[in-house]
Amino acid sequence: MVIKEDCINNLARWQADEEAHSCFQCKTNFSFLVRRHHCRCCGRIFCSSCTENFVNYNKKRVHALQKKNSDVESPPYRTCNECYDNLLHLNLLVSSTNRDVRLSQTSVPPNALALSAPDSNTDEDAEILEDSVDQSGTACRSEESSQNEEDHFCPICNSDLTQFPDEEETRKHVEDCIQRAENAQQHTNTSDAADDSVKESPAFQNRMLVYKISPNTTDNAIKECPICFENMEPGEKVGRLECLCVFHYKCIKNWFHKRAQMTAAQKGNGHAFVKRNFCPFHDAVF
């Protein structure tokens, strides 16, 4: 198998069965009933419960490990829980059609259906077309503006990148965060001190599941964002922390940003981050 140099798991290896007597994550001893299962991302051996994710990898950044001299395995690949969380956070999981799993399919505006009608050359239909184009253009500009705002933050640790003096410092910060995330992804720790350093880093701790609420969500299932107290409507982008609290994505991002500013001011420096699993709701309660 040819391994690309830019794959985040190019240092991972397929662990031999005889090396593992218990699950790498939950430490359950293997037996006749508790079988060994390899994670195709990190190569470690886990029990079935800790490798219950079957996903497709971004082949440009992640290569699927397999046993030496074995037949080529087809996706989806069995993946341990930790690798799944990290790959999802790094946008390295794709659907069977090779699309980012976080991206929802683009919906066609209802008015656009009228454009395919045989007798759609009337003035009324022309007005419908114009309105539809205007609405689409406004939506696109809104999405572009939102994307530009997100580009101001580090995709790994959520630090405000506008705080850095130049592009070189910004690039160095992002590369450092990516390297820390890769080390955590590959379970590579050289010492106890390094282990503590990785666990304390924002790249290791900042984990948030970002997704859009399903359009099929019923009214009874719609919940209120604890930050803005507005309903999280179907189709809206939300973020779920490790405590399972869910917020509007923009609300939780703004909270992280403000919290980081407060932390930086208290520490007397310009660089700070807030853990994405440090919930603003629990912060207020406790």
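One is the number of the first residue shown, and numbering goes on along the chain from there.
Heads up, the Cβ atoms here are built off N, Cα and C, so glycines get one too.
Residues or ranges marked as Zn(2+) 1 binding site in Swiss-Prot (evidence: sequence analysis): C23, C26, C47, C50. Residues or ranges marked as Zn(2+) 2 binding site by Swiss-Prot: C39, C42, C80, C83. Here Swiss-Prot flags 17-88, 225-283 as zinc finger, drawing on sequence analysis.
Here the features listed in Swiss-Prot are painted onto the structure.
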residue	record	Cβ neighbours (10 Å)
C23	Zn(2+) 1 binding site	22
C26	Zn(2+) 1 binding site	11
C39	Zn(2+) 2 binding site	28
C42	Zn(2+) 2 binding site	25
C47	Zn(2+) 1 binding site	21
C50	Zn(2+) 1 binding site	20
C80	Zn(2+) 2 binding site	27
C83	Zn(2+) 2 binding site	29
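Among the binding-site residues listed (C39, C42, C80, C83), C80 has its Cα nearest to the Cα of C26 (Zn(2+) 1 binding site). DSSP classifies C83 (Zn(2+) 2 binding site) as helix under the three-state reduction. Look at C50 (Zn(2+) 1 binding site): DSSP puts it in a helix.
Summarising model confidence by region, the zinc finger (225-283) averages a pLDDT of 75. Cα spacing between C50 (Zn(2+) 1 binding site) and C42 (Zn(2+) 2 binding site): 13 Å, rounded to the nearest whole number. Cβ atoms within 8 Å of the centroid of the Cβ atoms of C23, C26, C47, C50 (the Zn(2+) 1 site) belong to the same-chain residues S22, F24, Q25, K27, T28, F46, S48, S49, T51, site residues excluded.
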